[in-house]
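What follows is a set of notes on a single structure, which appears directly below.
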Amino acid sequence: MKLKQRVVLLAILLVIFIFTKVFLIDNLDTSAANREDQRAFHRMMTSLRIELDPRLDHTLQSPWEIAAQWVVPREVYPEETPELGAVMHAMATKKIIKADVGYKGTQLKALLVLEGGQKVVFKPKRYPREYVIGGEPYAGYD
């Protein structure tokens, strides 16, 4: 391409970019209801934030003992769990002593034994939560 053609093409792309920015991106809904929804969303996200703090209030218990007390028939952990960050920090920082392949079911998973003897299961996420797999019972990656 000649220089003149390049300059014309660049000018056309610049005009398209400016029109897109002005007419599509900057025309966001700024109504009071939308602003209130955004504030409510930010409050909810702030309340759900997990602090990855390695300190525990229960000095006589390990993170694993605390997490074992959470499990009940209807949930794995309670909604208000301040120690969750400490448990996740322990899972992320403890050394892996042993690794093995998960042994039950058809899903891919890894069984890890951490320093201190705690067993954890790692299952890679293949699909988003809301994705529905159609077809046979064993369709999909797993």
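Quick reminder: no glycine exception, Cβ is built from N, Cα and C everywhere.
The shown structure was predicted, so the numbers you read here are calculated from the model rather than taken from an experiment.
Features as listed in TrEMBL:
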BINDING   Q107, K123  ATP binding site
BINDING   D142  Mn(2+) binding site
Cβ-Cβ distance under 8 Å to K123 (ATP binding site), same chain, at least six residues away
G102, Q107, L108, K109, A110
Q107 (ATP binding site), Cβ-centred 10 Å count of other Cβ atoms over all protein chains shown, is 12
